[in-house]
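Novice: I grabbed these lines from Swiss-Prot:
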- 42-102: domain 'HTH myb-type' (DOMAIN)
- 73-98: DNA-binding region (DNA_BIND)
- 148-168: region 'Coiled coil' (REGION)
- 161-166: motif 'LHEQLE' (MOTIF)
- 338-363: region 'Disordered' (REGION)
């Protein structure tokens with residue numbers, strides 16, 4: 001029993017050793033001993049183990065064909081004539097051979113260069129140092145020439161960039177200056193528009209004041225006719241288109257109304273006992289241009305021998321005028337004169353005295369509007385005519 005168990009154990013060990021040896025040697029020789037020593041693996045895709053003898057025969061075939069660059073797997077297989085070799089085996093081995101040869105060639109070249117340099121250093125004595133320096137200095141310009149060209153190109157590029165930056169900065173400054181100029185122009189335009197708006201507002205205020213005065217006077221004297229501001233504006237536009245220079249002021253509108261409504265005014269003047277002065281318009285315009293002072297119209301309301309003959313036409317004093325008119329509604333006179341001339345003020349007072357004497361004689365029932373009372377003294381003094389070109393609201 002013991003002998004049998006020992007024998008079985010030996011068999012198991014021997015079988016295990018055989019299995020290990022078979023695993024350790026995966027490449028097996030061909031079936032026949034005359035296969036030229038090819039060792040193939042037992043895989044599904046068998047691989048060839050290149051032995052030194054097989055590799056030498058491969059190198060001989062490659063050299064016969066003219067080198068690794070000219071040799072091909074088919075020609076190598078024909079030259080070698082070993083059965084069992086395939087194109088797959090030869091192709092992979094040829095690629096490896098070419099790579100190794102190129103690497104060896106590069107390494108040999110480097111080794112050769114190093115060896116030559118060491119030999120040159122060993123052979124150069126002290127007497128030949130000048131020649132060696134000349135030889136070393138000679139090829140330096142060729143080596144440094146690409147570097148110098150690159151530096152010059154870089155310097156040129158930097159110079160051009162600097163010029164472009166200068167041009168851009170100059171353009172930026174010009175753009176900023178142009179923007180400031182446009183801003184100043186816009187500010188000036190806004191200021192002028194604001195002034196024009198203020199002027200229009202003043203004209204509107206003057207129109208409102210005039211309409212209030214007309215309404216109050218027309219309420220007291222319904223027989224007397226006054227022009228509305230709209231009619232005055234229409235007459236002003238007609239006057240600008242026909243005869244007079246372009247003046248959109250309220251005074252020019254009032255003066256233009258006399259020429260356009262002459263016939264209707266004649267009837268009204270005859271009915272109210274109004275006396276008008278018929279003069280030359282050109283002479284009137286010349287006198288207006290020659291006069292440097294500012295003319296103003298003053299409405300005067302007189303009561304007997306008392307009262308101020310010249311009152312301003314502000315809206316705040318309208319009530320005072322109405323109170324005077326209520327006391328003496330039959331004594332209405334309009335005096336036109338220049339401020340600063342005492343003689344003209346005295347003449348206006350004389351006119352008021354004349355009107356009072358006429359009213360005492362029996363003319364109190366009618367309203368007399370005297371527009372020009374100094375016709376007889378035209379040669380000695382300046383004529384006083386109903387001219388509203390110098391009229392303004394203060």
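Just so it is clear, glycine is given a Cβ too, placed from its N, Cα and C backbone atoms.
Help me picture these features in the structure, burial and contacts included.
Specialist: Within the model, the DNA-binding region (73-98) shows a mean pLDDT value of 84, rounded to a whole number.
For the region 'Coiled coil' (148-168), the number of residues in each DSSP class (helix H, G, I; strand E, B; coil) is 21 helix, 0 strand, 0 coil.
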